[in-house]
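Comments concern the structure below.
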Amino acid sequence: MAQTILHKADSRGITDLGWLKSYQTFCFGNYYNPDRIHFGALRVLNDDIVDGGKGFGDHPHDNMEIISIPLEGELRHEDSMGNTAVIRPGEIQMMSAGTGIYHAEYNGNKDKPAKFLQIWLYPNQLNVEPRYDQIVLEKGKALNNLQQIVSPNKEDQGVWVYQNAWFYLANFEKGFAQNYSLHNEKNGVYIFVIKGSVETANTLLEERDGLGILETDQLSIRAQNDAEFLLMEVSMTI
Amino acid sequence: MENTSILVIGTHPEILQTVLRLINNNPLWKATGTTSPEEAKDIFLKNSFDLVLIGAGIDKDTDEALRTFFRQNNDKIAIAQHYGGGSGLLYTEIAQAIHQK
């Protein structure tokens, strides 16, 4: 019998700096809840809205796998490895912070907000050489399908990470259902609904709800309405 | 409430300074740091700490040797791995480590 952990959208932590609104599924910054530290290797799931022209100045990271998924608008990125890039919806950005990097990220538009998911995974190797990657996703492939965007394998689809983790984006039409078989039954699955609503593990998930699912080797996901969601299979061992 | 005294070790000088600044912004915390594992041992012996945060750049053998050294000299010391290199996870790491002490 699968075990589940439900995180309703309105139970998330909130940081409001005026130019930034960040909705945090797990503890981050000053948001502290001992019941919401992490889900296995998944440590951060921030749902961020950055005002036009604003952003995060130069700041460091180390020993973390950082994945950004733009939802609206564009983010301008600069880092200490010499990378300068803009990421937009339909693209995925990934950084292995490893021994340490500095980066800055700003809303690339002056007049409209940038919305994106920022996801941090504990790495399964510490102190690796820092690394940046950015990919453009094949359009339409997420329609009634789980489109792989992250894996641990360099040769596989999507970006690769130093962690036993597989991420998928999906756009399911109302009523569409699909089974998902885990790569490893000791892993967990975390489903985060971006838009619409889905049902899985006997739980209805609405916009921005999250559900952790444990102790199963497969699950079924059905769209209750047209739905966009992120499925993350992660190691439960840090 | 007493201050929590924290020793931070990490080999990236700029990130170490950032972490120290962020910790010391909290009036209930007081942090000292070094990039050198050997210096960390000296500082540890000359001061009283509640928590050691081990940051990036410390190899596995050195990490294990440091943890053993700290525990041999203070069996109540809390030791935590610091991830992320910045403000995002610091508060939780420190709160958790002190809580579990």
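Backbone N, Cα and C atoms are what each Cβ position is placed from, and that goes for glycine too.
Record features, source TrEMBL:
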| type | residues | note |
| --- | --- | --- |
| BINDING | A:H59, A:H61, A:H103, A:E105 | Fe cation binding site |
| DOMAIN | A:14-121 | domain 'Pirin N-terminal' |
| DOMAIN | A:148-234 | domain 'Quercetin 2,3-dioxygenase C-terminal cupin' |
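Here A:H59 (Fe cation binding site) comes close to A:Y102, A:H103, A:A104: these same-chain residues lie at least six apart in sequence, with C-beta atoms under 8 angstroms from its C-beta. By the criterion of other Cβ atoms within 10 Å of the residue's own Cβ, the least surrounded of the binding-site residues A:H61, A:H103 is A:H103.
Using a cut-off of under 8 A between C-beta atoms, the binding-site residues A:H59, A:H61, A:H103, A:E105 that neighbour chain B are A:H59, A:H61. Sorting the domain 'Pirin N-terminal' (A:14-121) by DSSP state (H, G, I as helix; E, B as strand; all else coil) yields 0 helix, 65 strand, 43 coil. DSSP places the residues of the domain 'Quercetin 2,3-dioxygenase C-terminal cupin' (A:148-234) in helix, strand and coil in these numbers: 0 helix, 52 strand, 35 coil. Mean pLDDT of the predicted structure over the domain 'Pirin N-terminal' (A:14-121): 96.
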